[in-house]
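> Per TrEMBL, the feature transmembrane segment maps to B:5-23, B:43-64, B:76-99, B:111-127, B:139-159, B:187-206. For B:23-158, the entry in TrEMBL reads domain 'Cytochrome c assembly protein'.
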């Protein structure tokens, strides 16, 4: 546990030292939101909830892929090798997933803030706690599945294209569930309606998390 | 002969399925009419595709545990055959859908899930091609194979059941067995699943052998010019 804490601290420090990457991601999400805003050339509150929702999650998906893709290329392979001699690979992947979850939460929070600022919120009776819970589950799922895929892609050359190709289909079930739950939250439906979907989301998160932790020890050896 | 009985079995079963499937009696259904015979071909294709993918994943796990390159060859060829079955399943489904639902590719969750699943396995093949080192390729693609199958299962078995689907057995539609499948059809459908799977295994076996031969040929070709140059 302590080791994981140290590793997460290391990730934060690394991020802080390479601030351009972090700033780049923040700017990425802000400018994507703004591009969407301009290309729909809207006054506020003109999108239907369906479009609003789908657009929001697509923006988050692309941000997540871009943000997490760098989690293994940021460090030189020699340094990664050094970590592997010190700690078990499970702890490394867990700390990376936790860190990426936090990163995703920050990005999603910022994205959500700006998105609602410029696009407005469709519908009056939005179920905010459910939406935020959904955002949290999404951040965990994205972080868990994309971290492993980033590890896989970093082993190959041309890893940027590969990252996108490998991760889209893998993330899709998660994304569909997220879109469905957040649509329910937007429409202010009763929470019991979304219980099934939230259960499935939790299950997908658990599967992806467990698989990442199980498979990563095989990955780093190569 | 002892080793090949299952090939004979596959041929016998598939002959039976094709003959009875096309000539036998089928229940009359309003929209389906004679196209209900497609159940014998379309449904088993998907069943055996999932079985082949499962086998591919099992060999991927075996490769990771034991590190024998042979398991990797078997794993990728099972995935290839599964992709072939997936494409055939899409084709037969498309035909059937244009007859009964009036649209070759209706916006149906099951179809979309399968399309995404196919994307996943195509990505697997692309991933394999992006490595030069054989061992590394085997290891990394085995990991992705396991991961992809684990995501594929909820995609194809759980998600379509949560939404409305045109397929029977989903979104409140009764399953096939409940109303339009009689026991006579079952007698063809289940053997068909077994037969298709056996054919799939057979295709895979041939492809694995071809791959081994090609590997050996490459090795020979690689070593020839070298031997020549050392002789000089």
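The chain as shown is numbered from 1 upward.
Every residue, even glycine, has its Cβ placed from backbone N, Cα and C.
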> Who are the chain neighbours of the transmembrane segment (B:43-64) in space, where the CB to CB distance is under 8 Å and they lie at least 6 residues beyond its ends?
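Here the qualifying positions are 71-72, 74-76, 78-79, 81-82, 85-86, 88-89, 92, 114, 121, 138-139, 141-143, 145-146, 149, 152, 156, 176, 189, 192-193, 195-197, 200-201, 204.
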> Counting Cβ pairs under 8 Å to the transmembrane segment (B:187-206), which of B:5-23, B:76-99, B:111-127, B:139-159 comes out on top?
B:5-23
> With Cβ distances under 8 Å as the criterion, find the stretch in B:5-23, B:111-127, B:139-159 that has the most pairs with the transmembrane segment (B:76-99).
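Looking only at B:5-23, B:111-127, B:139-159, the most contacts with the transmembrane segment (B:76-99) come from B:111-127.
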> Tally of helix, strand and coil residues over the domain 'Cytochrome c assembly protein' (B:23-158) according to DSSP?
113 helix, 0 strand, 23 coil
> Suppose you look only at the domain 'Cytochrome c assembly protein' (B:23-158); what would the mean pLDDT be?
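When the pLDDT values over the domain 'Cytochrome c assembly protein' (B:23-158) are averaged, the result is 86.
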